[in-house]
């Protein structure tokens, strides 16, 4: 054991080698008391502070140090594996150390044995001068002591002060010992044969007391077990040595023991728990994770871990808590033992079963512990078990708490608030401001607080004790005594020891309003002037000589006087002589024999002057004599002969006169109205009513210096060193003039009246306040300087609030106007006039998407905010209580921005609304909640505040001084706190972590534990009611306003770092430059009931996908032999985002059209179609090896979450389906090693999910507080990714248990922007685009933007980078190619980089906004998709763009085949008619009519008996929304004819069977027959007038016995369920009605509730090709069916039932098949007259068009913009 002795001796002397020199253990408390010691020395620095009395105290509130793991140590570090112990290169061994293979543990273990620990050990690192540098919080040691042997382990750790501390534990140690550099813990080895309870008592490092216990340290028993020992190193150092842990320096494992492994981590691993059990038990939410497999002990099947091994842990009571902060044992509020028990009490009151640090005591040990706690004899040790006796016996826990005195504990630390800064000056008067003797500080009152401001550092000291406004101040000659008096009916005076800040004496002044105080130079006499109870002026003189010796203040003399006294001072050369001045008088006073006598100064001609101030000046030749000067409001300065009691001389001070004025004019001008005068031996200073402070020569011949103020100068005071002149103004400003620098410094500005409310901006550390002085001011919290001052003519501001992310300030005025200001531009942005009376409430939602305002009339308004645009969404009247008062916190929004709460519509009601819509969710009547109240006055609500989001609670303060905690969903009363304040609680605020509650009432602030587990703390300082109190966003400070602005340090431990499973709060992401969260491990959300969708509005970015339609329930088709086969898809969905992928290496090319994925061969044009989605596909993502394709769409049938399909590109098989996002998937991306897939929801979902591509299990999931637009994985690190959102880039670092996030805001020069796109470049570069057209370049090593340039005029939605070239695509329809070769060089220049070296190489304009792009590795060629439904081939080398795929951008309104079926035609709402080649699905020709919608078309049929000719001209006729008909020649690609037969939009058109006539129907029900040869309209039929024509169809007349002449039949169907059948002979100009059919419809509610005919299914009819004289009708009717009507028999032949009302109909000309489309996206092929139907999927919207080819072998269908071509294969 020589090594132990040697090390212990060395360290006991304080010597440390390797990590720094010796530091004395008392260094923290070193130093001497300073006069400026009332502040703490920084929350993150030393823990000693100076109290108000200058007494050092241990606050116990220094925030715990949270070690930041290096990236390579996350999430854990296997020490043996990392340092390769088996190679012995970075580790050392001595003696009998051998590596063995243990069959039971299935791995290598190390055996260390020997008789001397100094000669048998395993050491890491190899050299003692080296350091491991491991920063993990927990150290895991997997070991087993050798039987019947002793063992020893040394751990060398380094503190933040570079102090090396050795932690040792051994079975040799008999008791716990500690020095400044060494902790020795005895270890008790347990036997495997002992029971669980027995072993729980004896095993491990327990609490040892002076009482003898049974389990004593000693050699290990024969059957000792393998043990997992967990040490919380920061907690051990903090608890026993009050040190802050830095890192683990070295480990020395000495004989005799077996060691399996060593590990460090910030995570608390739980052995015996599998990963599945951890997920089910949600252990990650408590910071607990299952043991990694490489560190775990094997457990045979059927066995339990704890039956085979021991688990010993020493840590804090909460594994999610930060390490315990250091405190000095014996000097804090609680000792070391109480610190542990306090954690236990919190657990008991919380009823949360978290394992305590010490557990499983038997009754003897527990009694000994309780006894030693009370006697103070407890010694510190570690404890080993996980079970706690109070889990089974609550009374035991209660008795332990009672004996420990914890039922009477308050909040810790005490005090929890410490006043840091006051912004304000004056209160009762603005004339009091004094210099200290050394001229380094200024002392002034701020209402009830006296402030001493150190000029050099800006630090403030506070003298607290007055309960009302301070009315006067006075310093003794040496500045050691400070006298103060407060106003009020019983004015009290206080004498302070200024250096220490302690109050020496409190005395009654016997005056009601004391207006002046003056100290004698010696400090032995104090003189005061005020009014008595009869409002007569009284002069009091007190003896203060004994105060510094512990005596009291006595009255020397007092006298009443009828003269006016404005100022009175004691002569510095004689304590018994005084001088006063006032209106019409200057008097000399003297105390003699206990009496106070006075005599007036003979003023002569100056007897009627109003004298305001006086000053003494020592005579240079005789210091005991003085000159006396008195100033007046007329500008006269009188020098008084003190000895002869007369005026020696008089001078009148005049303002500077304009040049050219005569002396007579100057003499006749009014003098300077002087309010204050101060003189030194070299110059005189005056402060006057005109706002000037002037410095004069001693003879007043000239003013040598002037300083103009905003208001009249109340007082001036020359510093003792004569270098500075202090001035105060009536407006509450305080500053001084530096004479040598001739520079004026403003020390303090203040509101002139009460502060009504405030709002804090976190990023720039600013606060905005609104006051009764009709101003809104913005302050810098750090410097206390005023930045902005807003005021409106003839308007009074009422409320103010900051936007949570943008530099925007919103203000409400008494006129009802709400204005928003840009602080960045100092400009008015918008003005809203939704209210007519004063604004009472104004607030933004935490996510920044909404703004709310209310007024005195009870009107509530909701505004949406996107970038700089504000839009009024909804205005409700009479919803907010009119008598609820006003204030910034009248309207409150929940932390997740989902709920809005306020008092209203009456003061007895609290209403909760959905924030995004103002839909009412809950009303609670406060007056009926207290059923047991005997008060006759009903209780009413005053203020509301939301509790923690996860707990869903709402706090309401009431008029009966209670706080009611309600369930925000049900309104149920959870608990009640009463009484809260003596008077009504005026403000409520909750800390961001939900642990602390602030209340304001009367003139005090109270801090509560939110769970009410401890007594509240009360804080004074305000002299008026506190109007608002709140935490700052970083929760480090508290702000309260009333008479002034108070900033308090919040000394509670900082919030615990978010554990796995916790959700980040909304709004917090954009509030700081850098923040770190830990994301949760979650299960996929499929099958679970989804929570209510997040309230959000669409961001100002086109990147977000919006589906064309509302999702409907899809009817799954039954299995059967398929007759139809999908042959081709015409079109590309330009509505998607990123829905095209291309891999240039493999040639894989795919895009989406509706809900179909089209995989196309670019060489042959052949298509494969992957069907699996039921909704429109939003986006695609292709893995980097092009083996896997991911596609996303809306919710599948019956699912509550969106569908993500994973496809194999080899065979097109869907290998997995993922469900997690609630609305739409915005973007997806594979990692560069294809191990992960990240998916991001849209602006309504706001979730991010990370999936493992090996199993496609959900790895990470988190909710984000703002919409994300794009995401990309880093090509440098497989753990890094970046995403862009509102004004920031989020850099993510993935970890096993979560992800760290760094939020980097956009450069300020960009203003308010959305980051809309991103891509990684070469060498740690990241490019991002904005919605305003800029491209930013980021350094991913520093996560900072170093360059921006204007790349486009519109939003950049697509970025692609390869090497030194960058492609950008925007909503200006342009794609641009940039050369960015020099950007890497500019990166070294940092923020000063400019865009001059970025070169625009090429630019191409396309037909729509760029939504997708894919390029080859050299960026020479690529494919680009646009919103016009076009895919373009781009070749930068040739500067060409070629259409690859075309499609309709809008809804397709008609489709038809050409007679030879080689082509088809489509038309759409975009006004285009397009001709497609069916073989290749290529667009052949397009006819475009601008500003019109093409509603219908038809292809001219081939005449009967005429063979097709190669040169034959083919024609297409189309009808438009303006009533025109156009005939286009396909062959000549030109319009041949334009007719205008209709006054309304056309809805149907067709050719006659011979092609010689055109039949057209309009929206007004008119049918026109026109000749394409002459362009004339031959017939106009009005039989269907008033109802739109839905179908026109012509067929040859099959029978002659129908009773009419003519060779052609045609029918017209209208939406009123009427069908007319006509027989025509166009050559004979005959057209005769053959039949008129009218089909009934239900007359019940189903029709009455329909908003219009458009909402009903269409009425469709068609002649049956295979059954002559029969037509088929489908439409809205009594039943869902198809009717076959015989024209000869005039009756319905048969009916075929349908699953729904049909939306389209087509009958095959060759085979008895009927194609029917439905609104539920279903296509049905119905055999006729009977047979089993076949249903087909593939449409993403209503199948509104079905058209068979003339041969019947093909079928065209359309749903919205997608056109599908089918083949009949099995007919």
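Cβ from N, Cα, C; glycine included.
Quick look at what TrEMBL annotates:
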- 10-19: compositional bias 'Gly residues' (COMPBIAS)
- 71-187: domain 'CFA20' (DOMAIN)
- 748-789: repeat 'WD' (REPEAT)
- 759-1049: domain 'WDR90/POC16 second beta-propeller' (DOMAIN)
- 1166-1382: domain 'EML-like first beta-propeller' (DOMAIN)
- 1445-1486: repeat 'WD' (REPEAT)
- 1539-1569: repeat 'WD' (REPEAT)
Helix, strand and coil counts within the repeat 'WD' (1445-1486) (DSSP): 0 helix, 24 strand, 18 coil
Beyond the flanks of the repeat 'WD' (1445-1486) by at least 6 residues, Cβ under 8 Å: 1128-1134, 1151, 1153, 1160, 1165, 1167, 1408, 1427-1431, 1492-1502, 1508, 1514, 1516, 1518, 1520, 1528, 1530, 1533, 1745, 1747-1751, 1753-1754, 1756-1758, 1760-1763, 1765
Model confidence over the domain 'EML-like first beta-propeller' (1166-1382) (mean pLDDT, whole number): 90
Per-state residue totals over the repeat 'WD' (1539-1569) - DSSP helix, strand, coil: 0 helix, 15 strand, 16 coil
Per-state residue totals over the repeat 'WD' (748-789) - DSSP helix, strand, coil: 0 helix, 23 strand, 19 coil
Summary of DSSP states over the domain 'CFA20' (71-187), given as helix, strand and coil counts: 10 helix, 55 strand, 52 coil
